[in-house]
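These notes concern the structure reproduced below.
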């Protein structure tokens, strides 16, 4: 049986305070994300030919899946992927400015880090309804985009490096309707070491 797992966080639920409150984080990870994982496993249970597929393989090839499970995999697989990356790129010791190779590439494509912050913040804040704001590697270029619902940049052939979740369950208990305030404060949690590592891995994968 296909058995995707809810990832363990590298920090406790209260360690992203005050930017993300422990109540929100515990529900977001332990309830919302867990539901996506459980639903994805249930969807794939009877499709043994898919049990050896990675999450990325499933999401990059939705058009090859049996039609009756495409929507469920898109939503639940996407939910699992988006949340897993969201947790990875945050840290109690986050914030500050980018470092390593990704810092140089950000300066090249956005001129300054502040320009990236402005563009990604606007993409996240202006996303109508639920979705995500992303920094992605598109070929050799960095760009900003947003996606609705649980859609991922993988479906457009782009490699995600950084993501912010702007579904209401990501912030509503603390920020209510103040999405811009949540987005501003989220920058204090960004784990730039992890983003740089994602960038290096993405560049390496394109060479194979």
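The backbone N, Cα and C atoms fix where each Cβ goes, and this holds for glycine too.
Among the features that Swiss-Prot reports, Mn(2+) binding site is placed at 28, 83, 165, 169. With a cut-off of 8 Å between CB atoms and residues at least 6 apart in sequence, the same chain places 24, 27, 28, 32 near residue 169 (Mn(2+) binding site), listed in sequence order.
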Count of other CB atoms lying within 10 Å of the CB belonging to residue 28 (Mn(2+) binding site): 22
Under 8 Å by Cβ from residue 83 (Mn(2+) binding site), same chain, sequence gap 6 or more: 28, 29, 32, 33, 36, 165
